[in-house]
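*Asks:* Sharing a structure below in structure tokens format, with a few things to ask.
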Amino acid sequence: MAKALIMDHPLIQHKISLLRDKNTGSKEFRELVSEVGMLMCYEATRDLPLKEVEIETPVATAKTKVISGRKLAFVPILRAGLGMVDGVLSLVPAAKIGHIGLYRDETTHQPVEYYCKLPADIEERDVIVLDPMLATGGSAIDAINMIKKRGVRSIKFMCIIAAPEGLEALQKTHPDVPVYCAALDQRLNDDKYIVPGLGDAGDRIFGTK
Ligand code: PRP
Ligand code: URA
């Protein structure tokens, strides 16, 4: 089973504390989600392959390294995953972006699909799925199913806060997908919200509540 990597860098932990605070307004919340996305992306791309090239510096010829191998695509799960896109693109500006629209039915808590637009060449890319919240795991599992149906072989999942229930379900269904998260919380409540969590990420990013 692929491991879950908890990214507990002090900068990330500090920013998550601000995200959890119910008094943090939408503007700051949005900026923090983007910043945490960027910091997590730095770690999640640590295993990108490199190749040696030769360049001319103003002083001499240098053997140096550049990223090689397959190109990247990021796939945010709408809506809240959109909040992480600017941050990851600031590090990997050439990546393509796919979008998967899922919302949780308020009664059943099951994900409902309403949109899917992925890059035409996605099967040739390494894909990182973005969603700040992994609660029951239903949305992440469905999104990864949709991406696998398109022939993608290399997928990572990146979330800011995970519940143990969601992490277990995701790892059971997609054992080949490494999970990167910044905090593993206590549990889900009866409404399937993460405890202590940060509330509804989409509503807080877009100011819809
Ligand atoms: C939230 C969150 C995840 C999902 C996690 O989205 O952004 O996509 O819930 O829950 P799960 O692990 O139980 O599936 P939501 O359905 O609230 O939609 P939104 O982002 O459009 O607000
Ligand atoms: N979606 C959210 O935005 N927050 C939760 O705690 C659970 C699902």
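Each residue, glycine too, has its Cβ placed from N, Cα and C.
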*Asks:* Which single residue out of ARG46, ARG70, ARG79 does TrEMBL record at the 5-phospho-alpha-D-ribose 1-diphosphate site shared with ARG104, ASP131, PRO132, MET133, LEU134, ALA135, THR136, GLY137, GLY138, SER139, ASP200?
*Replies:* ARG79
*Asks:* Rounded to the nearest angstrom, how far is the Cα of ASP200 (uracil binding site) from the Cα of ALA135 (5-phospho-alpha-D-ribose 1-diphosphate binding site)?
*Replies:* 11
*Asks:* ASP131, ASP200: which of these binding-site residues has the highest Cβ count within 10 Å of its own Cβ?
*Replies:* ASP131
*Asks:* Give me the count of other Cβ atoms within 10 A of the Cβ belonging to GLY199 (uracil binding site).
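*Replies:* If we count other Cβ atoms within 10 Å of GLY199 (uracil binding site), we arrive at 16.
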*Asks:* For the recorded uracil site formed by ILE194, GLY199, ASP200, ALA201, name the remaining residues of the chain with Cβ within 8 Å of the site's Cβ center, in chain order.
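*Replies:* Filtered neighbour residues, in order: PRO132, MET133, TYR193, GLY197, LEU198, GLY202, ASP203, ARG204.
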*Asks:* On the 0 to 100 scale, where does the mean pLDDT of the domain 'Phosphoribosyltransferase' (7-208) fall?
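*Replies:* A mean pLDDT of 97 is what the predicted model shows over the domain 'Phosphoribosyltransferase' (7-208).
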